[in-house]
Amino acid sequence: MKLAVIPGDGIGPEVIAEALKVLDVVVPGVEKTEYDLGAKRYHATGEILPDSVLPELREHDAILLGAIGDPSVPSGVLERGLLLRTRFELDHHVNLRPSRLFTGVRSPLAGAPDIDFVVVREGTEGPYTGTGGAIRVRTPHEVATEVSTNTRFGIERVVRYAFAKAQARRKHLTLVHKTNVLTFAGSLWQRTVDEVGAEFPEVTVAYQHIDAATIHMVTDPGRFDVIVTDNLFGDIITDLAAAVSGGIGLAASGNIDASGTNPSMFEPVHGSAPDIAGQSKADPTAAILSVSLLLNHLGDTEAAARIDAAVAKDLAARSGTASTVEIGDRIAAAV
């Protein structure tokens, strides 16, 4: 395996070091190439993602990212220049976000909710394509538009990915949208789900409006298995999914080119947390679970299962506080 590693900013290098420690135990001999992309490079050279780096990234089987963002750089500069550009250049049309409440982890929900579902979010369309504009700016008559772009091609490939996930899990898929108001895009999403769903007769299909889905994710999260949704609704609902299952500190994600043409990128959901960087206070669990997602994506399900089991064992036994390295050592020993 050839792995591109982008430690990034803040706590990124610390959590990635522990994730790689675990990876080296379950899959020895991975060929790694580290890229110094992030705030330091931006300040030193003015570069965020040089054109010369993209062809190099494409030569790898996968990309592992730590965290991006630094208070010394204006908000959004690094995120747009690195994360969004990578997503579009490498056609990461699937954003995969598992949500699982591990034993030993407290949920803000009452009782012991059954939480084990995944959200499949479309990643390259919707209102995030930069289509729109503004006129009469800074006048009383200013008008701004933000256009949501939805294509049959873009929707179908994400829907197919979601159905395949559902087929391999508990065979239940929920489309989340707002078809009663967003009638044009909603109709296209619903028809695509209906047509692709006919090819997966074992998968039960349901629909929920986005507002209803947020309610049920809090009151009855066990009803969900695989959720498929668009870019904007997915952006919102995935953070809620992380919150009910213990917080973004435990949330892993995959930005995936389901065609396999380009390497997919895996990362913890949490930010760079510059206030605790360098203090070994960061929890590397989300980065380690991102390695599990990476291995699952590449077909090494056995190694991924070993990581998941080791993480579950560690979380169930945790008490008090532990350093970043201590947590990484414990999970590496448990795999």
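For all residues, glycine too, the Cβ spot is worked out from N, Cα and C.
What Swiss-Prot lists as substrate binding site is Arg87, Arg97, Arg121, Asp211. Counting every protein chain shown, the Cβ of Asp211 (substrate binding site) has 9 other Cβ atoms within 10 Å.
Residues or ranges marked as Mg(2+) binding site by Swiss-Prot on the basis of sequence analysis: Asp211, Asp235, Asp239. In the three-state DSSP scheme, Asp235 (Mg(2+) binding site) is classed as helix. Same-chain residues at least 6 positions away in sequence with a Cβ under 8 Å from that of Asp235 (Mg(2+) binding site) are, in sequence order, Arg121.
What Swiss-Prot lists as NAD(+) binding site is Gly271, Ser272, Ala273, Pro274, Asp275, Ile276, Ala277, Gly278, Gln279, Ser280, Lys281, Ala282, Asp283, and the listing cites sequence analysis. Counting Cβ atoms from all protein chains shown, Asp283 (NAD(+) binding site) has 22 others lying within 10 Å of its own Cβ.
Classification of Tyr128 (site 'Important for catalysis') by DSSP places it within a helix. The site 'Important for catalysis' annotation in Swiss-Prot covers Tyr128 (among others).
For the recorded site, Lys178 (site 'Important for catalysis'), the DSSP three-state label reads coil. Residues or ranges marked as site 'Important for catalysis' by Swiss-Prot on the basis of sequence analysis: Lys178 (among others).
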Additional residues surrounding Mg(2+), by Cβ distance to the Asp211, Asp235, Asp239 centre under 8 Å: Ile210, Thr214, Leu232, Phe233, Gly234, Ile236, Ile237, Thr238, Leu240
Proximal residue to Ala273 (NAD(+) binding site) among recorded positions Arg97, Tyr128, Lys178, Asp211, Asp239 (C-alpha distance): Asp239
Cα-Cα distance linking Gln279 (NAD(+) binding site) and Lys178 (site 'Important for catalysis'), given in Å to the nearest integer: 44
Under 8 Å by Cβ from Arg97 (substrate binding site), same chain, sequence gap 6 or more: Val118, Val119, Arg121, Gly234, Thr238, Ala241, Ala242, Ala251, Ala252, Ser253, Val269
Three-state secondary structure, Asp283 (NAD(+) binding site) (per DSSP): coil
Winner by Cβ contact number (other Cβ atoms within 10 Å) across the recorded positions Arg87, Arg121, Lys178, Lys281: Arg121
